[in-house]
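Chemist: Okay, so TrEMBL annotates it like this:
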- 1-20: signal peptide (SIGNAL)
- 77-304: domain 'DNA/RNA non-specific endonuclease/pyrophosphatase/phosphodiesterase' (DOMAIN)
- 78-316: domain 'ENPP1-3/EXOG-like endonuclease/phosphodiesterase' (DOMAIN)
- 133-196: region 'Disordered' (REGION)
- 134-148: compositional bias 'Polar residues' (COMPBIAS)
- 156-167: compositional bias 'Polar residues' (COMPBIAS)
- 170-181: compositional bias 'Basic and acidic residues' (COMPBIAS)
Amino acid sequence: MKMMLSLAWLLIAIAHKAEPLISANFKACKKFFYRGQLPAGFASIALPHRFNPSDLPDGIKAKELTSPAYICQKYGNRVYFASLYDRGRRVPLYSAYILDRRPTSKPINKRQTFFNIEPQLIYRQLDGTMLPERNTSNNIKTFNTKHNISPREQKNQPSSLINTSQAVDADYRNSGYDRGHVNPRGHHVTDDEQKGTFTLTNVVPMAKKLNNEFWSQYENDMIGSAKGCKTMYVVTGIVPSKEWIKGDRVNIPKYMWNAYCCVGKDDKPIKSGAGLRKNDDSDKPVEKMQINELQKRLKKLLVKENISIFQNNCSKKLQTSRKAAAAYNANC
């Protein structure tokens with residue numbers, strides 16, 4: 001009996017470790033979205049992956065490189081938020097999370113100096129926990145040895161695989177831009193929650209003044225807006241541009257945008273809000289607006305008609321018809 005129980009636990013552990021955290025439509029992390037519904041209209045603007053289609057690395061299948069990548073962001077043993085990652089631009093199109101409004105006397109932790117990367121953007125079979133670049137490189141070497149993948153070919157080497165699959169710290173050095181959080185550490189309380197935001201799949205090249213002053217102030221204002229909310233669902237994203245850092249390595253957003261949906265004890269919306277700001281070093285504060293106005297602006301900026309961030313715009317008057325719900329889901 002003990003042997004059978006041990007075997008059962010071993011199988012459970014193996015299954016858990018192999019769980020894909022990059023999967024279609026955020027299967028493992030829909031709880032971070034209001035009513036479990038994904039924002040609509042953003043996935044179609046992603047650019048294709050950067051691997052050579054005619055000469056893929058030996059351990060990668062073309063079907064595993066769909067862009068965008070739906071990442072359930074895992075730090076340690078927990079998933080803390082979700083990011084829609086544009087493989088071609090090497091930036092998140094948005095991150096979705098729940099603002100942690102628990103009171104705490106603990107000061108915000110000292111800012112981490114390094115950012116992790118996402119192993120499953122390289123080999124889907126690797127564990128989905130974000131790791132430093134060096135650790136990921138070692139795991140790739142182990143994977144290649146186990147699966148008899150030749151390290152002599154440039155396309156199979158860890159540095160090539162990492163650099164092709166996503167942004168790395170070197171991209172931001174001397175770029176003139178900050179590694180700007182999309183899901184900010186300041187909206188979370190625990191040490192692991194905050195550390196979980198330090199992944200390069202959750203940052204974009206952000207103008208220094210915007211990152212350190214105006215966007216930071218807007219994020220602080222959101223904490224005050226969360227007062228009275230049982231849950232505040234947040235989606236923060238970008239409008240891509242034609243500008244890049246390090247040649248064509250990482251896209252520089254033209255705009256940053258944010259929307260939040262606050263629900264009360266009965267899980268019904270009680271308030272909402274949004275913000276939009278050009279990604280530059282001007283002295284203009286973040287423009288605050290209603291969600292429907294932000295969506296109108298994004299439709300023009302992205303040249304997309306089916307933009308929708310929250311179901312029924314996080315309105316107190318909820319959609320109840322099956323037809324309306326089906327139409328929303330079809331656009332996600």
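Cβ coordinates come from backbone N, Cα and C, glycine included.
I'd like these features described in context: how deep, what's nearby, how far apart.
Modeler: Long-range contacts of the compositional bias 'Polar residues' (134-148) within the same chain: residues 58-59, 117, 119, 122-123, 125-127, 156, 158-159, 161-162, each at least 6 residues beyond the stretch ends and with a Cβ under 8 Å from a Cβ of the stretch.
Non-local neighbours of the compositional bias 'Basic and acidic residues' (170-181) in the same chain are 90, 115, 197, 200, 202-208, 210-212, 215, 245-246, 249-250, 252, 256; each lies 6+ residues outside the stretch with a CB under 8 Å from one of its CB atoms.
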Chemist: Can you check how the pLDDT averages out over the domain 'ENPP1-3/EXOG-like endonuclease/phosphodiesterase' (78-316)?
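Modeler: That stretch averages a pLDDT of 95.
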